[in-house]
Amino acid sequence: MNSLLRKLTIGGIFLVVAVTPIVVADNFFFPFITGKGFFFRIVVEILVGMWALLAYRDPAYRPKPSYILYAIVALVGVMAIADIFSQNPEKSIWSNYERMEGLVTLIHLLAYFVVSVAVLSTTKLWERLMQVSLAASVYIAGYGVLQYAGALESFQSATRVEATFGNSAYLAVYALINVFFAVFLLMRVHRGDWMRFAQVAYAGTAILNLFVLYHSGTRGTILGLLGGTMLTLLILSFGGKHRAKFRPYALGVIVFAIISAGSLVMFQTSSFVKESPVLSRFAPTAIIQSFVDARLPVWSMAFQGFLERPIFGWGQESFNYVFNEYYDPGMYAQEAWFDRAHNVFLDWLVAGGILGLLAYLALFGSLGYYLWFRPIELSYEEKALFTGLLAAYFIHNIFVFDNLMSYVLFFSILGFVHVLAVGHREVGMLERAERAIGKAVRDDGGADFVQIVVAGALTIAVLYTVNYAPIAQNKELIEALKTPAPSTDLFTQIEQALGNGQITSPEKLDEFLAQFLTGDRLTETKEILASGSVKTVGDAASLVVSAAQREGMMHFKTAIDYQSLGTAEVREHLAIRASQVISSEYVDENLKKEFAVFAATEMAAQAEALSLDARYQYMAGSFLAKIESAVQVPGVASAESYYLRAIELSPKKQMFLMDLGYFYLVRGDTVRALEQLKKAHELETKNESARISYAIGAIYAGDDTLAEQVLLPLGSMGKTDKQVLNAYATKERYAPAIKALEERALTEPNNFELETQLASFYALAGERAKAIKALEHAIELNPEYKAQGEYYIGEIKAGRNP
């Protein structure tokens, strides 16, 4: 039985490495992340059940101490403490669908390590594991090549490949590690019938991975590859039997790096560099711009967060609290929400404090110790190669963050070196005696059955506890998102289908409605349509649209009821869908109200549950601002209170101040609106959006002089911004708008859109002759506008404003 368990466990480990990177769960929310995450967790949990049975039956399979194991246990222990005391312990422990990390994944990685080192007891087995990884990488790299060729769709970018990872950086680090695996196995090819085939296979795999690594366009990983290669060659140049042989190669790589960097500096403005999706990212100006605009401010925030909680940090998945509290307004052009520092070491420093970072660095330190200061079965050249791999991975981690597969491969390297360091020792005297005493019991068929039942029951319990609710919730969220939003296109599609006479039988009606509805909603809608109570095709289409929205609402409710790791994400998408429903003219009014109350209640619950998270205070305020004038939700605070709480938690976030300012504008409170919009503008005057918003606030407040002064740095483009013109039109102050448009028209006499805007404002101001002249000029500039322009001219001549 032990032999069978061992073989199954080894097969399971190979399965993790082979299948996890390939899994894309199309029917899951975040399919590239959740599919891999759930697969990894489920397989590892099964492996732990089999390993536990093995370890109980045979002490040889129990963990053997090493500094590597101590470092991993220390990391898990420190992070457990940090996560328990984080701002959001549930997210720190369980993570969310977007990341699928947290303490749960860290524990699974520890389990993967323990099981792997227990059963992969020989170098040959670890070589097989690397071969399995390379086989999977060939499939994945092939996918990337097809994306590059345009035969398969790229999901993240039209110019960068990401294969089955859905993220170019994730693919890059995966390819990086597999390049080193391929070179390691190439170095181990011995003479024999298969030598030439193996050499070609490993070299080809390395080249294929290098190709997708380059075309991922991930700067940090490519720099890591160069740095790791250079370090490997430098080590080989100063030690080992063949050091003289490697010195020219090391010098060549150094010269290549210098020439490449110099060429990029000299030719960064050339079309060759500008038109290359990869080289353009390495142009010095692009690197500096990216560093100054994003990396430097985020790294600064991360360090400030560390200083606030230096010992155990904020817990995993808690960088958002640091980002909000120490937000730099200079990042206005970047994405609104960062949940990572884009530097693995700073991420661990924030998540686990100095203890967490030291524990993580101990992983690298323990590897280096065993590679160079303890006798292990690796040649000098192989040690140099693995040192280069660690350096490449280290450099990569300076610029981006880890993902599940980079963790799995890194922990595989940890396991390989651990086994080389501690060996697969013989069973000691006491353990042999223990085996002898208990042999009769352990070999008894009845005892085997009991052990299997107990291990199986515990494994099933863990599988259910860890995976059932998150997977079920994920599926419900996807079902909710599959229900079509209440758009004009949807209404038209349904109206045409119901009115063109093609649905001639109950069966065809069933088939058609099943595209949008299931279960009770399908039955109810079909019965209503069949009853004849719906008089027009338009009303029938509205009925179906409304039923589809109720279908979606039911899925949202079921998803939230699971109260699992994705509840916050479910509520975010609920608010988005509710906004669409409320603004739709095709949805029943009672359903609109029901949807609004449901979404408001849930967003308020989310804001209350995470009262220190500015994101959910802002989202609650933003949603309530849309509905509270029409719908009162009992027990839910006002939109204003949530906005103010968000600003309290993140006082430098211009987006919050601007939205609160517009909230006040809509309600006619121009004094407080101008106050908030002024604050937003003054936080970062380079932010054109904040500047325009401040000017709009001034226009609403009746201060045209202030508006002109604020817009002055933007020139004529700022004064004629559509939002600014709409503000003038809303306040019926046409003269400043006309003046700005006329000034711009002097420098852009052939601007068709400008002429139509001038015509509109002339008409509103009663200057009909000028309006007609502007329209005639617009027709000259764009003959296709002739029919519409002449219609407007006719309306104006008739004394009407079109």
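Including glycine, each Cβ sits where the backbone N, Cα and C put it.
Curation plays no part in TrEMBL annotations; they are all automatic predictions.
The following features are taken from TrEMBL:
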- 205-361: domain 'O-antigen ligase-related' (DOMAIN)
- 654-687: repeat 'TPR' (REPEAT)
- 752-785: repeat 'TPR' (REPEAT)
- 38-56: transmembrane segment (TRANSMEM)
- 68-85: transmembrane segment (TRANSMEM)
- 105-122: transmembrane segment (TRANSMEM)
- 129-149: transmembrane segment (TRANSMEM)
- 169-187: transmembrane segment (TRANSMEM)
- 194-214: transmembrane segment (TRANSMEM)
- 220-237: transmembrane segment (TRANSMEM)
- 249-267: transmembrane segment (TRANSMEM)
- 348-372: transmembrane segment (TRANSMEM)
- 384-401: transmembrane segment (TRANSMEM)
- 407-424: transmembrane segment (TRANSMEM)
- 445-466: transmembrane segment (TRANSMEM)
Residue counts in helix (H, G, I), strand (E, B) and coil for the repeat 'TPR' (752-785), per DSSP?
30 helix, 0 strand, 4 coil
Best-packed against the transmembrane segment (105-122), counting Cβ pairs under 8 Å over 38-56, 68-85, 169-187, 249-267, 348-372, is stretch 38-56
Taking a Cβ cut-off under 8 Å, which residues six or more beyond the ends of the repeat 'TPR' (752-785) line up next to it in the same chain?
720, 725, 728-729, 732, 734-735, 737-738, 741-742, 744-745, 792-793, 796-797, 801-802
Between the transmembrane segment (194-214) and the stretches 38-56, 169-187, 220-237, 249-267, the largest tally of CB pairs under 8 Å belongs to 169-187
Looking only at the repeat 'TPR' (654-687), how are its residues distributed among DSSP helix, strand and coil?
27 helix, 0 strand, 7 coil
Can you find at least 3 Cβ pairs under 8 Å between the transmembrane segment (169-187) and the transmembrane segment (384-401), where each pair is 6 or more residues apart in sequence?
yes
Are there three or more C-beta pairs under 8 angstroms joining the transmembrane segment (38-56) and the transmembrane segment (348-372), sequence spacing 6 or more?
no
Give the mean pLDDT for the repeat 'TPR' (654-687) on the 0 to 100 scale.
96
Could you tell me what the rest of the chain brings near the transmembrane segment (407-424), counting residues at least six beyond its ends with Cβ under 8 Å?
16-17, 20, 40, 60, 64-66, 68-69, 72, 105, 109, 112-113, 116-117, 120-123, 126, 129, 133, 174, 177-178, 363, 366-367, 370-371, 374, 376-378, 386, 389-390, 393
What same-chain residues lie close to the repeat 'TPR' (654-687): Cβ under 8 Å, and 6 or more beyond its ends?
329-330, 332-333, 336, 614, 618, 621-622, 625, 639-640, 643-644, 646-647, 693-694, 696-698, 700-702, 710
Remote residues contacting the transmembrane segment (38-56) - C-beta distance under 8 A, at least 6 residues beyond either end
2, 5-6, 8-9, 12-13, 15-16, 19-20, 23, 25, 28, 62, 100, 104-105, 108, 111-112, 114-115, 118-119, 404, 408, 451-452, 455-456, 458-459, 462-463, 466-467, 470-471
